[in-house]
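Supplied in structure tokens, the structure appears directly below.
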């Protein structure tokens, strides 16, 4: 009994064993700048923003507290409500479509086709363009007098109507088209990398068992690609929440306020309306929205889920 | 020895240019980037360079709404320029209150600005707590209806003399495939057009009660209901404009694709550039031909407080240059705006500019919404009217209700 206790004590006091603090010391020192950046810039900036969202700050930040006034005004503003609705529509559809189209393209590309490199380059190419350029290109393409509509009409179908950017009820889909054109190539590449990571033997086994190809994809390959899907999801989702430049380039929020998005509301009220308090309240709401989605997911992913890949 | 003399020679070449000229570089930021505007700025630069200083042009492309945030963040962020354009009014109010802007009172007293600048409200807009913080450079008025004579000829109706006649002529124009009223998609254009309609149709008193005193009851009242009815007409006859920028909309009037446009006198530069003649090719109706009154908004230069003494001196020189009669004439003729002083000769002005000068001489002036409302309230109005003009669903009554709510909380 006693021997056991002393035995344990000697192990703990063993002089050659480094303490938890000094283990990997150089790595810890190297990460201090990044940790400081994270704490001071990200966390500090976030707290500062939240704090000032409860003030009546106009052009310059001032600590004059007004309680929840800014939030009340925010949720009464029709433009904010339209922005939230647009983000929801844009988010859901761009998530679904870029995943589905991206995976389909990757699966087709995986059939050992000829000129795969060429196709891959073509599909990935739009991703090399910034959102501003993408937005301008699609603004012209969707312009009723110069773009797709006029080309089709010139070919003889005079009744052809395709004018999303000037129709309030569907303008957000016009933006969605441009976003998908730009982003699907990247999703395809990520998926393709995932597909290439699947062992050839799995395919052989399923072929021996006579399982049709679509079933193999759906029930064997996709579940095995879970890490790739998670990565893709995070990349797409972060792009959705911050969508701003695409809207500015394509419609600048119009017609009217029909294609406004939250990030644009934040910018416009902070800088154009010279009302920092209102802009901060809006950005705090964006943060909360993201937190509501991310926190439960991160909890599931990182706390108990270690055993999964 | 050899090395030392070489160093001395080198030092001399560096020191010489500094010693030879006393010119101070002064960076001036503004958002005048269209053809006519750039030509006007060049005149200012020339006049300033003649004082022995150097104008460093800091043009920021895009409209004022793009440029102002950049200017403000440079000033608040500790990287101030030598001088910057703002619309005189309340855009720079808080910067002044924070002590970031330079007091120009002695320059103004030396130049006798109080007596020469007309109308007096221009200088009032520059004055905060009895001190003058900006140099007005021009008067821009929003209250103009520009009409294409060719478009009305094609439709077979006479060129309207006022707003009601334009609305009445709209069906004939539409039949001829012409958009009766061009309204660009950017939010500020719908907002400005509404303010112009309001001043023209409801009159000066209602305008000042609503925007000056922020009287929400008047804003919800029957006088304003009339204005919203007219805005509904404007919305109906502007269907099919499908352009964003104001100059694209002006271009529709120039080419006869649109009957008219409610736009400020800066549109005149576009007509001039296209070689059109006032009275023959296009017509202009100040105050929509109903209330002949113009607002005295416009541009002014503000000077951030600088530590560098040479630059502060150059700022004074620039402020003096801006109000100087010669620079005023040269600049405003190119820009199509009206000069801020009454004692200059604008013999070269065209018909429309003369109409404006005439109204100004009669003293039919009013303060504009940029001067009466904060940027925040203006933005809320922009959101409302851009939605109203774009959506066929919002009724004029609903719009008026929301308008009254904005006025109730406006500052």
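Glycine is no exception: its Cβ is also placed from the backbone N, Cα and C atoms.
All TrEMBL annotations are machine predictions without curation.
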Quick test of your reading of TrEMBL: among A:60-85, A:216-241, where does it put transmembrane segment?
A:216-241
Which stretch, out of A:87-109, A:248-270, is listed as transmembrane segment by TrEMBL?
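My reading of TrEMBL: the transmembrane segment range is A:87-109.
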Tell me, please, if the transmembrane segment (A:29-54) and the transmembrane segment (A:170-195) are in contact, taking contact as 3+ Cβ pairs under 8 Å between residues separated by 6 or more positions?
no
Grab the same-chain neighbours of the transmembrane segment (A:216-241) for me: Cβ-Cβ under 8 Å, and only residues 6 or more beyond its ends, written as numbers and ranges.
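Beyond its ends, the transmembrane segment (A:216-241) has Cβ neighbours at 87, 90-91, 94-95, 98-99, 102-103, 107, 183, 186-187, 190-191, 193-195, 197-198, 202-203, 206, 262-263, 286, 289-290, 293, 301, 308-309.
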